[in-house]
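Annotated in TrEMBL:
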- C:Ser47, C:Leu48, C:Arg49, C:Thr50, C:Trp75, C:Arg110, C:His147, C:Pro148, C:Leu149, C:Gln150, C:Cys277, C:Leu278, C:Arg305: carbamoyl phosphate binding site (BINDING)
- C:Glu142, C:His177, C:Lys241, C:Arg281: N(2)-succinyl-L-ornithine binding site (BINDING)
- C:4-160: domain 'Aspartate/ornithine carbamoyltransferase carbamoyl-P binding' (DOMAIN)
- C:202-314: domain 'Aspartate/ornithine carbamoyltransferase Asp/Orn-binding' (DOMAIN)
Amino acid sequence: MNQFTSVNDVQDIKQLLNDALALKDDPYSLQHLGKNKTIGLVFLNPSLRTRLSTQKAALNLGMNVMVMNMDKEGWALETQDGVVMNGTTVEHIREAAAVMGQYCDILGLRSFPKLVNREEDYNEDFFNKFIKYCGVPVVSLESATRHPLQSLADLVTITETWKGTGKPKVVLAWAPHIKALPQAVPNSFSEWMCKAQQEGMLDFTIAQPKGYELNEDFTPGANITHNLDEALSGADYIYVKNWSSYKEYGKVLTYPEGWMLNNDKLKGTNDAKVMHCLPVRRDLELSSEILDGPNSLVIHEAGNRLWAAQAVLKQILTGLS
Amino acid sequence: MNQFTSVNDVQDIKQLLNDALALKDDPYSLQHLGKNKTIGLVFLNPSLRTRLSTQKAALNLGMNVMVMNMDKEGWALETQDGVVMNGTTVEHIREAAAVMGQYCDILGLRSFPKLVNREEDYNEDFFNKFIKYCGVPVVSLESATRHPLQSLADLVTITETWKGTGKPKVVLAWAPHIKALPQAVPNSFSEWMCKAQQEGMLDFTIAQPKGYELNEDFTPGANITHNLDEALSGADYIYVKNWSSYKEYGKVLTYPEGWMLNNDKLKGTNDAKVMHCLPVRRDLELSSEILDGPNSLVIHEAGNRLWAAQAVLKQILTGLS
Amino acid sequence: MNQFTSVNDVQDIKQLLNDALALKDDPYSLQHLGKNKTIGLVFLNPSLRTRLSTQKAALNLGMNVMVMNMDKEGWALETQDGVVMNGTTVEHIREAAAVMGQYCDILGLRSFPKLVNREEDYNEDFFNKFIKYCGVPVVSLESATRHPLQSLADLVTITETWKGTGKPKVVLAWAPHIKALPQAVPNSFSEWMCKAQQEGMLDFTIAQPKGYELNEDFTPGANITHNLDEALSGADYIYVKNWSSYKEYGKVLTYPEGWMLNNDKLKGTNDAKVMHCLPVRRDLELSSEILDGPNSLVIHEAGNRLWAAQAVLKQILTGLS
């Protein structure tokens, strides 16, 4: 693997899952791979899980880690070409990315969307330029439109916990929020679940209020509905997540009542396990009774972020040598 | 040891002191203990000595270290249960602590008091919830009411430097300041000195102006006075520190002149050594002539922060395996 | 070497260059030197290249690294003696530096000038006090008046790339900017080039508009002109950099047109290579056509920051044991 920015960078999804679970069993067995290799983790936005799990994953593999909060320790980067830089941006991404590539064998990058201009965000302009100019393999720590380390951890969690017969029914369920959040997590989750569905691993349904439909590029083959109860019926896994509108880009639209998951709504499911990428706003996005109850997988799922990151870094390190 | 939040977590205080001094003599002898173990140092407030000494202590023991300035790199945490999180807090401590525990074998935590609601601060609500939900051993890097790594380093310093016959007289002396500071350092120092006094290691006196009396839970057996000169008479060690009022909680009260220690005030002592946890405001809390003179132990004392932290981590690591 | 704050700390400049190039060939050969040694990198100002290259250099040598953004993670430091600290500064440099020296074998320090009081900046008061009180070897990560790790990397780059006969002509060319920048990089570059000129390694010219003359202490033996075209004639290396006025201290003065380097201006040169310390504001300081063209060395030069830092740390570590 020479980059990890979406499910499309993965050659064999089942092999990657196997790698993650094997590393979970034996975390320190591959420290020779990372010896004298350095990963730079570059954040343009805050991070808790992604920062710590990726850092730990790299350490488990014997790597050196350098964390750079570019927004706080550095300065503003220019991405447009052909502009006279006499404003607030201090350095062009052409130089900044290339320089970071001089000191690191792998770079991780987090950069959120601005949620103002849909085309700009969905072009992944910043991410693509960073990849182009840095000259080393890049791992997405969440981009404007995707969060693949999260989605891989989610798939690891489903694979690992599914003890039923046949294929589990997995539902991505929109949830309320007071702020306009990116579509990166649901896009990415959907992309990975659609891929897993293609490989016969599960059945995938998305439920959201009208106006909250995701970009269709991320939902090939998904069963999509505006009826939450219908979606939840017989569900084995429910992935709860808020996102802002893609159609009316970045907007928080009005929505009917009843979209916050609680124990009552679990009744029609197959005693479904409940997932969330975190951070979660309790009793706004998801009820405390679920988070504190036996159906919640959220901490287990966060723990699997470590093995997802370690599996990805393992495959990239293998490709480096 | 499975946590370190106060002197009450220490089974054998003399053994802990011995461990600290043994590690000072031979800092790198126990690197097998920390191999493939990771400590996360989580700060909700600024730190210099505690951050660097604890990080170095962990490195000396062969551990990996991840530093997380939650207030700057992360987001605001909710601690109250049963609230709809539709305000400024982004994640509940139930999830945040549990997630950090997924990636770390030990967690260090710093969280200052707000100095508004005494009961809330003295309940150590944040700290106790963090410990409850993270699921791994926690080391206090200073809580609302205690700073035990500082106090252990202080006791190491007294033990190490006392060359007299009999028991040294140790005085905690209140000092002026322009800001309202927590009681954590003096509470903790008093708690440790009272314990050491019980074990026959020293005699302990506290001097403060009226209104600045500490919570009695932290001062069992201490000799307490409002007369600084009386307290200093025959003193061997003077621990200088400001704190805000416990009784009129968090207030800076008026006080009589003469509470800033200077060379003149040292005359009645037994050529006392002067200590301070730092940072110290020169010529407001403590005179420059003392800080720059032969009686000051403040740098030596700060250096011992390293061995205090290393002894604590050693005992926790020993308990992990 | 027991400190690295200017070219004057270097005993044998050619040996240092050789060390840098040898480490570039074989980066991990000296890891025994740094075993159980810790460097603290202390920043009072933002940093990208210096932070990452020095951190990586230390890791390559087997050291532990602790990064402290004192301006963000810590608090304001007092440098004046004899003041009652009842204002905004929380800790005196006497204590802060001494404490950091307790936990680190080597300290790196970055502190920019304020560009208000020339004497204060050029006294290097902060840096000199830090060195005096910390008690361990200090590496400048850029001070008020110098940036020697940058200059060493620049000389490494010239030495490494020069394939001509005889001595290369090196030109430091002032460039426009909208902000008032320090003189640290041009001072330091000039100081190193003048030293290399003395050793017969190159010929050195400085071109700047009237009023932008550097302090003469940094330019012994340099050929200095206000005529950019004359300076560029026959040049082999052009080092482009803005700085504010030394004479009218910290001011941005008016200047004639034509000081931004572009391909047209390269015509009179010996197909000169173009250098810049970065960050560079494109098409304000330096034209994009040069930065993106075959004459630019800026990324290569940034890459050499690593080997410059590693050579310096190697020599200091050798002196420690």
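Don't overthink the numbers, they just go from 1 along the chain as shown.
For all residues, glycine too, the Cβ spot is worked out from N, Cα and C.
Taking the features listed in TrEMBL, we show where each one sits on the structure.
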{"residue": "C:Ser47", "record": "carbamoyl phosphate binding site", "contacts (Cβ under 8 Å, 6+ apart)": "C:Arg110, C:Leu141, C:Glu142"}
{"residue": "C:Arg49", "record": "carbamoyl phosphate binding site", "contacts (Cβ under 8 Å, 6+ apart)": "C:Leu278, C:Ala302, C:Arg305"}
{"residue": "C:Trp75", "record": "carbamoyl phosphate binding site", "contacts (Cβ under 8 Å, 6+ apart)": "C:Thr89, C:Val90, C:Glu91"}
{"residue": "C:His147", "record": "carbamoyl phosphate binding site", "contacts (Cβ under 8 Å, 6+ apart)": "C:Ser140, C:Ala184, C:Val185, C:Ser188, C:Cys277"}
{"residue": "C:Leu149", "record": "carbamoyl phosphate binding site", "contacts (Cβ under 8 Å, 6+ apart)": "C:Phe4, C:Thr50, C:Ser53, C:Thr54, C:Val139, C:Ser140, C:Leu141, C:Glu142, C:Arg305, C:Ala308, C:Ala309, C:Val312"}
{"residue": "C:Lys241", "record": "N(2)-succinyl-L-ornithine binding site", "contacts (Cβ under 8 Å, 6+ apart)": "C:Leu172, C:Ala173, C:Trp174, C:Ala175, C:Val185, C:Pro186, C:Phe189, C:His276, C:Cys277, C:Glu285"}
{"residue": "C:Arg281", "record": "N(2)-succinyl-L-ornithine binding site", "contacts (Cβ under 8 Å, 6+ apart)": "C:His177, C:Ile178"}
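Secondary structure counts, DSSP: the domain 'Aspartate/ornithine carbamoyltransferase Asp/Orn-binding' (C:202-314) has 33 helix, 20 strand, 60 coil.
Of C:Ser47, C:Arg49, C:His177, listed as binding-site residues, those near chain A by the criterion of a Cβ under 8 Å from one of its Cβ atoms are C:Ser47, C:Arg49. In sequence order, the binding-site residues near chain B (CB to CB under 8 A) are C:Trp75, out of C:Trp75, C:His147, C:His177, C:Arg281, C:Arg305. Binding residues for carbamoyl phosphate (C:Ser47, C:Leu48, C:Arg49, C:Thr50, C:Trp75, C:Arg110, C:His147, C:Pro148, C:Leu149, C:Gln150, C:Cys277, C:Leu278, C:Arg305) extend across at most 29 Å, taking the greatest CA-CA distance. Taking all protein chains in view, 27 other C-beta atoms sit within 10 angstroms of the C-beta of C:Glu142 (N(2)-succinyl-L-ornithine binding site).
For the binding-site residues listed here (C:His177, C:Cys277, C:Arg305), the lowest count of other CB atoms within 10 A around the CB belongs to C:His177. Under DSSP, C:Ser47 (carbamoyl phosphate binding site) is assigned to coil, being neither helix nor strand in the three-state scheme.
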